[in-house]
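Below: the structure, in structure tokens.
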Amino acid sequence: MKQLWLDIGNTRLKYWITQNETVIEHAAELHLQSPSDLLLGLIQHFNHQNIQKVGVSSVLDQHNNDRIRSILKRLHIPMIMAKVHQEYAALRCGYDHPEQLGIDRWLQVLAVAQPDRNVCVIGCGTALTIDLVKGYQHLGGYILPNLYLQRDALIQNTKGIKIPDSAFDDLEPGHNTIDAVHHGILLGLVSTIQTIMQQSPQQLVLTGGDAPLFAKFLQPYHPQIEPDLLLKGLQHYVRHQLP
């Protein structure tokens, strides 16, 4: 069976086509605040793939999600749009109001939750998201601006100092303003993760574009990089869909 999986984030649209659980096609594109237009341009391609089911993860608002549903109806196949539940597939949400938890974070936790397993899941995307899960209990988490959002905020609010792009590649004290900014921002996020990991023994799972960068500085915790963690969570969600 061929299935289409969509991950519609704040800035990118990613899709996977799988056949018998094997990924046979994968792509990711910036949607420039118009994900429905980007999806519309892909529909003809999807129509020729003999896809039999589509699973969707979308962080968009209700209006945009309605447009996404409308476009996907052109495929004339069953569609499942994932949402956060108080409890689903044995996993219990740690938020007081589950609807406030991002679907991307929920699916990432769903992908790693197992009995007798404590996991810290770090999403290294537009924001740095941190979620803790013990067995099948989601314990809540943290959201921080990512490396680039912090740098941009500093540039916008610091008069007289120009901070050009540079690499986030070192935790040593900077010997010029550019390095001091980049090393300082990276140190702040790495230190946050280290503090959380020191509070209780747990497995560290990293996902998202900057996962390899953070893994480089978190080697004592033996980080596991999972590029397609959301896909695994979405597949798990669809397998255990509610009637």
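Each Cβ is built from the backbone N, Cα and C atoms, and glycine gets one as well.
In the three-state DSSP scheme, Asp104 (active site, proton acceptor) falls into the helix class. Look at Swiss-Prot and you will find Asp104 tagged as active site, proton acceptor.
If you take the C-beta of Gly9 (ATP binding site) and look for same-chain residues 6 or more apart in sequence within under 8 angstroms, you find Val59, Asp104, Gly125, Thr126. If you look up Swiss-Prot, you'll see Asp7, Ile8, Gly9, Asn10, Thr11, Arg12, Leu13, Lys14, Thr126 marked as ATP binding site, on the strength of sequence analysis.
The substrate binding site annotation in Swiss-Prot covers Tyr95, Gly102, Ile103, Asp104, Arg105, Thr177 and rests on sequence analysis. Taking the Cβ of Tyr95 (substrate binding site) as reference, residues of its chain lying under 8 Å away and at least six apart in sequence are, in sequence order, Val84, Leu101, His138, Gly140.
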Give the residue from the binding-site residues Leu13, Ile103 that has the most other Cβ atoms within 10 Å of its Cβ, counting over every protein chain displayed. Ile103
Spatial neighbour of Ile103 (substrate binding site) that is closest, considering only the binding-site residues Asp7, Thr11, Leu13 and their CA atoms: Asp7
Same-chain, non-site residues whose Cβ lies within 8 A of the Asp7, Ile8, Gly9, Asn10, Thr11, Arg12, Leu13, Lys14, Thr126 Cβ center for ATP are Ala28, His31, Pro35, Val59, Gly125
